[in-house]
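The domain 'CheB-type methylesterase' annotation in TrEMBL covers B:8-191. Residues or ranges marked as active site by TrEMBL: B:Ser20, B:His46, B:Asp139.
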Amino acid sequence: MTEESFGRIMVVDDDVFILAVMEELLEPEGIEVVAAESGDECIAELASGFRGVILMDIMMPRKDGWETIQEMIDRDLMEGNVVAMLTAKDVPDAELEHLKEHVIDYITKPFEADEIVALVKGYLNYLP
Amino acid sequence: MEHSSSLPRDGRTIVVIGSSTGGARTLEIVFSQFPLVDAAVILVQHMPHSMNSALCRHIEEISFMEAGIAEDGEEIEHGRIYVAPSDLHLKLIKNRTISLFDDAKVQYVRPSIDVAMTSLERRESDRFAGVILSGMGSDGAEGIRHIKSIGGTTYAQALRTCAIHYMPRAAFATGRVDEMLPPEGIRENLIRFAGIL
């Protein structure tokens with residue numbers, strides 16, 4: 001569907017600085033970046049048909065990253081996506097273990113520019 | 001280094017790799033230019049169902065091994081990677097035949113690394129290695145204990161190289177991990193353990 005680009009990702013983060021940095025880093029690599037400032041925006045993009053790599057911040061107001069993942073599962077919007085969490089916490093809470101099979105990776109902020117580009121390119125390989 | 005060539009013809013060398021959150025990027029390094037080795041590799045990666053085929057395809061792209069989603073009743077062969085499909089447990093029957101089944105999740109997951117690893121049986125001519133990569137929880141720790149108890153070799157990913165270190169840490173806590181290694185070290189050790197086909 002997006003054959004002209006090398007891939008498509010959605011960055012979900014309430015920090016607009018992070019969204020801008022991701023666009024700056026990834027778009028020159030031919031990766032189309034969809035920015036979502038909240039879990040609700042992410043769900044709306046998915047409901048409109050977005051499928052691809054999703055980088056999901058955990059700490060967001062109203063609906064956090066894990067709640068957004070749970071809603072994706074409940075609303076059948078998970079299939080066809082590869083999801084990695086973005087977080088400032090170095091380890092996730094044990095009670096979220098039941099969501100682990102839906103999350104491919106856990107990226108700790110701050111991250112290096114080269115690292116994030118390499119990781120995203122890696123996740124694109126795992127799209128159906 | 002040439003263990004496998006001196007084994008009886010019916011012996012199998014079986015490597016079971018357990019991987020969860022953060023493990024995919026480790027696999028990228030482990031299987032990069034990975035040669036055709038004289039072992040059957042069972043890969044249990046916790047992942048969404050829609051990733052199963054892509055993971056197999058990608059491993060084939062970056063390695064010299066054949067990779068496919070494991071099928072029920074399939075006889076394992078050396079030189080192949082068998083990826084456990086999401087939503088089913090995988091075990092080996094008599095170290096030879098793949099069995100997929102739909103039991104309850106173990107530690108929140110299906111397939112469970114423990115289920116796959118603990119299905120291995122001590123047999124004179126068979127050799128085993130168990131590997132635990134990055135992930136949440138403690139799946140694989142019992143499996144590592146079992147593989148060691150039947151004479152296998154065990155590795156876990158060095159904690160500082162993990163996106164999430166809980167799984168390798170739990171494996172290490174059993175006292176049955178031979179070596180904690182970075183992804184490159186796991187790659188080298190597996191190649192040495194299995195030998196080139």
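Just so it is clear, glycine is given a Cβ too, placed from its N, Cα and C backbone atoms.
Features as recorded by TrEMBL, highlighted on the structure.
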residue	record	DSSP (3 states)
B:Ser20	active site	coil
B:His46	active site	coil
B:Asp139	active site	coil
When the pLDDT values for the domain 'CheB-type methylesterase' (B:8-191) are averaged, what is the result?
96
Measuring Cα to Cα, how many Å separate B:His46 (active site) from B:Asp139 (active site)?
10
Alpha-carbon spacing, B:Asp139 (active site) to B:Ser20 (active site), which is rounded to whole Å:
9
Can you filter B:Ser20, B:His46, B:Asp139 (the active-site residues) down to those whose Cβ is less than 8 Å from some Cβ in chain A?
B:Ser20, B:His46
